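This report refers to the structure that appears directly beneath it.
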C-alpha cells in the first residue's frame, strides 16, 4: 500500500545517543536505495546531532577544536572546488565548441587546432574589413580542389559540412548510449527532482560528468538546435556531487548534500551565461526546493569563483564571459514599450507552442517504437538540420554567433549584411552616433533569410529537445526571440525614418537622429521567448542584463518577461521543466501548484476498504520470526508500532532499513537471541519467565514522534505539510487509534486524479 516511500523518522528520541548506538552496531543505516525519497526531517535531526557532538567535543582539547573549525570550513572549501572545476570545464567546452564548429567549414594551415578567428588573429595579412579572411584559413573546397568559389566548391563544402555534423552527432549519441544514459537531455528537470529529495543513483556520477562534458561539445558542434547552458548546470551539479564525497558531513547526509547541489546549480548558470548573480537567482527561483540563507551565501561564493575561473581562461578572447556582450548608447522611449510588449506576447505564444509540441513528440517517442532507436533519431534530426541549415548563412553559423550578430548595434565598421544601410552623403556626424538610415538591399535580403531561419528554428527545436543527446534550451529559445525581435526592430526603425512626422514619432525622433536600436529589440525578444518557455521572471531579467551589460534596459526586459509569463500562463501553468517532470513521472511536489479540492485525509489514505489491513508491529507480542516474516512478505519501507493489534493505539514508527540491520546485528552480537525471542519496543521489557529465550530490545530504533494527522484533516493541509516539511509519509489516526497511512506517492496520485490526469503516471516505484 505504501509504494516506495513509506518511511520516516523525524526528531529522534534521545537524539544524541541514537546515532552513537547506530554507528556502533548498525553499519548500513542511513543509506537510501535508488528511486527513493529522502526524509528531510531525519536528515536534519542527524545533522543537529552531529553538530552537538562536535560542539561538546571541541571543549575537550585543542585538536578537537581545530577539527571543529575544519568541519565548519568544509562547506566553503567544497564551494571553492566546485567553482574552480565548473569554470575550467566551461572554458574548455567553449574553446572546443569554437574549434569544432569551424572545423565543419575549413581548417587552419598554421595549426589545425586553431579556430577560424584564432587563425586570422595570428596572420599579418588580415585587414579590419575582411577580418574573417586570411591566407592561413582554407575552406575544404580550397584545400581539396583548390577552388574557393563556384558550384563545385559550394557542393563540396555542403557535403563536408553535413558529414562532419553527422560524425559529431553519431559519436555523441553512441557515447551517451554506451557509457552514460543519464548524460542525455538538459538535466534540469532531474536536478529539480533530486533537489526536492529524490534519489537517482548515478545521475550525478563520475561517468555522467565525463561523458556529458565530451558529448556536450559534440552536440553543440554538430549544429543541432540546442544550447550548452542547461547541461552546464548538470555538469556543475556533478562536480558538486563529486566533491561531496571528500567530506563525510555531505557524503553521509543527503539533506546537506542537496544544499551543496543548489549552490552548484548557481555556479553552472554563472559560467553558462557569465552571470553570477543571475545564477544565484536562477537556483533560488527555478531549481531549488530547500534554500536556507546559508546556501544563498555559499551559492554566491561558488558562482563568483566559477565566473572568475572562466574569466581567467578567457575562452572568447575579448575579456568577456559571454560571446554576446553588447553596449548600446541610445536611450529607449516610452512609445517603444508597445513593440516590447508585443514581443512579450510572441514569447508567451512561442513558449506555449513549444511546450505542447515538444511534450507531444516526447510522449510519442516514449509510447511508440521510435524510442527504441535513439541513434537513428539523432542521425535523422542532424541530417535534416544540416541539410536545411547550410544554404542560409544565419542557420549555418553557430546559434551563439547568430544571437551575437542579432544583438549587435550597427557601427561604422560593421561588415554584416544586417548593417547594409544606404548612407546619406550629406551627413557629417561623429562615428559612434550613426543616425537612422534607409535600409539597403542587404537588409531586405537579411530579413528574408531571418524569416526562413525563424520558421526553421521554431520547427526543428521542438524535435531536437529531449533526444538522447545533451541538449540545452536557453540558446535556441533566445535565438527564436532574437530573430523575431531584430525583424520587429528593423520594421520600427524604418517606420521612424520614413514617417518621422507621425504623431508617435514626432515627440522623440527628429530626422538625422539615432532613435531606434534594432539590437535592443532582439535582446528583448530573446528574453521574452526564454521566459515563455521556462516561466522565469526575476532571474531571467538579471541574467539578460548581466549577459549583455544593458543595465538601462531593465524596464523593457521586465515588461517583456512579465507579458510573456502572463500570456503563456493563460494557456497552461507549467513551464518546460515541470512538463518534463510530469512526463517522466518523477515524484515532485511543485510549490507553485495549488490544491483547491475539498477532499479529506480519510479519502486518500491506505488501506482502502477493499484492501487488507495495514501491516503493523506490536509493542511486545511478536517474535523475531514473526517480524522477519513480515519483512519478507512485504516491501514497505516502514511499519507503525501499536500497543496491540486489537487496540491499535499508535506508539511510533520503525524504518525497514533500520529494522533489518538491527535484527541481523543482534543475532550476531547478542547471545540468546533466537527465532522465538520476543521483540520489545519498550524501554523496560517485563522480567524473563523461567526458560523463555532472551528478548530483543529495539526501543532505540523506534521513532516516538512520527508525523500524524487526523482522518478529517483537509487534503489541502496535508499537501502543504508534505511540501513544506519534505515528508515521505504521514500516519492517519483518530483519537490515538491508527487508521492508515498517507505516502507522498498517494498524495501525488490523488493530485493527478483531481487534475483529471492518469494517476498511474506517477510511476517511479
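Backbone N, Cα and C atoms are what each Cβ position is placed from, and that goes for glycine too.
Remember, TrEMBL labels are computer predictions, not curated facts.
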The residue range that TrEMBL labels transmembrane segment, out of 23-47, 48-72, 73-97, is 73-97
Would you mind telling me which of 135-157, 158-180, 296-318 TrEMBL tags as transmembrane segment?
-> 158-180
Do you know which of 413-432, 473-492, 493-512 TrEMBL annotates as transmembrane segment?
-> 473-492
Of the ranges 263-284, 549-570, which one does TrEMBL list as transmembrane segment?
-> 263-284
Among 158-180, 200-220, 232-251, stretch most in contact with the transmembrane segment (375-394) (C-beta, under 8 angstroms) = 158-180
Which sequence positions outside the transmembrane segment (73-97), separated from its termini by at least 6 residues, show Cβ-Cβ distances below 8 Å to it?
-> 213, 216-217, 220-221, 228, 232, 235-236, 239-240, 242-244, 246-247, 249-250, 260, 263-264, 267-268, 270-272, 294, 298, 301-310, 312-316, 398
In this predicted model, the domain 'CBS' (605-669) has a mean pLDDT of 90
Taking 158-180, 232-251, 333-355, 520-545 as candidates, which has the most Cβ pairs under 8 Å with the transmembrane segment (200-220)?
-> 158-180
